[in-house]
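S.K.: Pasting a structure below so you can have a look.
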């Protein structure tokens, strides 16, 4: 009888942990800028807003990523003024590796341009608005520190590419620790 109770208790605990882990999944999305064409100069003046039109059709959140695929080009994160002038001498972020993954570390407006002379003027630029993630803990009203600088996050190249954004599930470390705390004592009783 004690073994049956212990087995049922263990099964119930493991089931509870699995439910908690599944409910706490965080979905981050990787967006492929330009789809199959990648990060290119728009083919005509009629398409000079193609990247901004694409961005306006998507919802970006903190921890989402943009993947820029290109050749003989670059990606810069710049200020609004630099975006408008298509010129930057000190970008907030720069990459020219051909497969750049940029992770949104905080909410706000991000301005991306090509670093190759003339490309931005022809429409190779994008404005992305990143939404704040719901935070159940209110921040103190006097906390007005500046937002941290955006971060570059290298990522492995996927085996296939599509126009669609891909969800990237993550497991909460807190739930993994909770699972271990509950499971270990049951194994030794």
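One-based numbering along the chain as shown.
Using the three backbone atoms N, Cα and C, a Cβ is placed for every residue, glycine included.
Because TrEMBL annotations are produced automatically, they should be read as predictions rather than curated entries.
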S.K.: Under TrEMBL, the annotation transmembrane segment belongs to which of these stretches: 147-167, 168-188?
M.R.: 168-188
S.K.: Quick one: DSSP breakdown of the domain 'Phytocyanin' (29-132) into helix, strand and coil?
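M.R.: Helix, strand and coil residues of the domain 'Phytocyanin' (29-132) number 19 helix, 37 strand, 48 coil.
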